[in-house]
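These features come from TrEMBL:
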- Thr10, Gly11, Ser12, Ile13, Ala36, Asn38, Asn121, Glu123, Gly202: NADPH binding site (BINDING)
- Lys122, Ser148, Glu149, Ser173, His196, Ser209, Asn214, Lys215, Glu218: 1-deoxy-D-xylulose 5-phosphate binding site (BINDING)
- Asp147, Glu149, Glu218: Mn(2+) binding site (BINDING)
- 4-129: domain '1-deoxy-D-xylulose 5-phosphate reductoisomerase N-terminal' (DOMAIN)
- 143-226: domain '1-deoxy-D-xylulose 5-phosphate reductoisomerase C-terminal' (DOMAIN)
- 259-379: domain 'DXP reductoisomerase C-terminal' (DOMAIN)
Amino acid sequence: MRRVSILGATGSIGQSTIDLIARDPEVYDVVALTGAQNISQLIKDAKALRAEVAVTSDPSRLDELRDGLAGTGIEAAAGDAALIEAAARPADWVMSAIVGAAGLAPGLEALKHGTTLALANKESLVTAGTLLMSEAKRLGATVLPVDSEHSAVFQALIGEDISAVERIIITASGGAFRDRPLDALDRVTVAEASNHPNWDMGQRITIDSSSMFNKAMELIETKEFFGIDANKIETIVHPESLIHALVGFNDGALMAHVGPPDMRHAIGYALNWPDRKHVPVERLDLAAIGQLNFRAPEAARYPALAIAQKVMEEGGLTGAVFNAAKEQALDGFLAGDCRFTDMARVVNGVVDVMLSREGLQNATITLDSVNQADSMARALACEEIAKIES
Ligand code: NAD
Ligand code: MG
């Protein structure tokens, strides 16, 4: 039996992971499942998968979780320390699928115990890529990318030498507003931005896809995960979302990864790695699809991409600042405190202010330094948002 844990089990990635694991109950022994507010889902899954422990990040929901699991023998726990303890339990494979910077510490903890970490939490790489990857190397642990683009690149690189890579091209659907007039973007609503043309995902990453902040994150992720220079990473708008990424080699060849827009593909790949096994996703009918389209991303429509370029060039703690400012700006948009187009202005402003202070680029990346940069960036983002309101 393979011992597996799912951090962020109640979310979109967590539920897709459970969908795959639940098909093979004789193969997987479920250790820990974690969630936040969706306690009924957590209880249901913990019972169905006979988990060892279920954890909510919110201590005020512990009684509810405990009551729901009473008599099952499944442990219930709550809070940040419990999340870390769950991540530390011996497991062969851990899915890191908490959303946001909150996913970093539990993922790092799982690595310490030599597990294979399936990494959906892109914020870990954006905020602390060098720390995460160097820790994995030091501890002999494996990190497998679960973001579909990075899974695609990972697969295209098997058997290849990274020094032969000329460029990595990350595809982007263009989000919900790829065809909307630029001067209408100011008026975009939360409901409109929460609708993705191709993928069914959590609300935060869906809005980040509308604003291209998700792609900006993915460019940084690419640099951090594959250790490739920023000037070799490109974005192309590909409205069908069937090619997930392409790798260009020094002989001019482009290796593309093609598959349906279903995260169970990348999750299943990471779950079965290094083998390939059946994954229940749609098989593409290329004749029915007929054509694939591509277009260059417009700088004016997607200001997040230029910010990502700056973050990659500056390095150090700039990624942690960028991510925290982006999370705060998104909270601002969700709360109605800033417009859709203000998010990029806020993030850019915070990154510039923080870069003007000494030491951001050369700082050592530790959990503490990341948390400190994160708090400062969130406070600055709140100030920037308050300025917009007045
Ligand atoms: P989601 O919002 O659907 O689920 C997030 C999970 O994290 C839930 O289980 C929630 O309970 C938990 N959570 C939320 N806040 C928490 C906190 N403060 N502490 C502990 N747990 C908390 O998100 P998602 O769409 O599944 O995305 C998860 C991660 O995977 C994100 O980093 C996202 O960028 C990445 N990702 C998602 C997709 C996708 O298709 N959904 C694709 C690529 C990458
Ligand atoms: Mg992605």
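The backbone N, Cα and C atoms fix where each Cβ goes, and this holds for glycine too.
Locations of recorded TrEMBL features on the structure.
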residue : record                                      : Cβ within 10 Å
Thr10   : NADPH binding site                          : 23
Ser12   : NADPH binding site                          : 20
Ala36   : NADPH binding site                          : 18
Asn121  : NADPH binding site                          : 28
Lys122  : 1-deoxy-D-xylulose 5-phosphate binding site : 28
Asp147  : Mn(2+) binding site                         : 27
Glu149  : 1-deoxy-D-xylulose 5-phosphate binding site : 27
His196  : 1-deoxy-D-xylulose 5-phosphate binding site : 19
Gly202  : NADPH binding site                          : 17
Glu218  : 1-deoxy-D-xylulose 5-phosphate binding site : 27
Worksheet item: Can you tell me the mean pLDDT for the domain '1-deoxy-D-xylulose 5-phosphate reductoisomerase C-terminal' (143-226)?
Response: 96
Fill in: Length of the line joining the Cα atoms of Asn214 (1-deoxy-D-xylulose 5-phosphate binding site) and Gly202 (NADPH binding site), in Å
12
Response to the item:
With Asn121 (NADPH binding site) as reference and a Cα-Cα limit of 10 Å, the qualifying binding-site residues from Asp147, Glu149, His196, Glu218 are Asp147
Worksheet item: Cβ under 6 Å from ligand 1: which of the binding-site residues Ala36, Glu149, Glu218 qualify?
Response: Ala36
Response to the item:
Reading the DSSP string in three states, the entry for Asp147 (Mn(2+) binding site) is coil
Discussion item. For the C-alpha pair, I'd like the distance in angstrom between Asp147 (Mn(2+) binding site) and Lys122 (1-deoxy-D-xylulose 5-phosphate binding site), rounded off.
Written reply: 7
Discussion item. Can you break down the domain 'DXP reductoisomerase C-terminal' (259-379) into helix, strand and coil residue counts using DSSP?
Written reply: 70 helix, 1 strand, 50 coil
Worksheet item: With respect to ligand 2, which members of the binding-site residues Ser12, Ala36, Asn121, Asp147, Glu149, Gly202 satisfy a Cβ distance under 6 angstroms to one of its atoms?
Response: Asp147, Glu149
Item to complete: Across all the protein chains here, work out how many other Cβ atoms are within 10 Å of the Cβ of Asn214 (1-deoxy-D-xylulose 5-phosphate binding site).
Response: 25
Item to complete: For Glu218 (1-deoxy-D-xylulose 5-phosphate binding site) and Ser12 (NADPH binding site), determine the Cα separation and express it in whole Å.
Response: 18
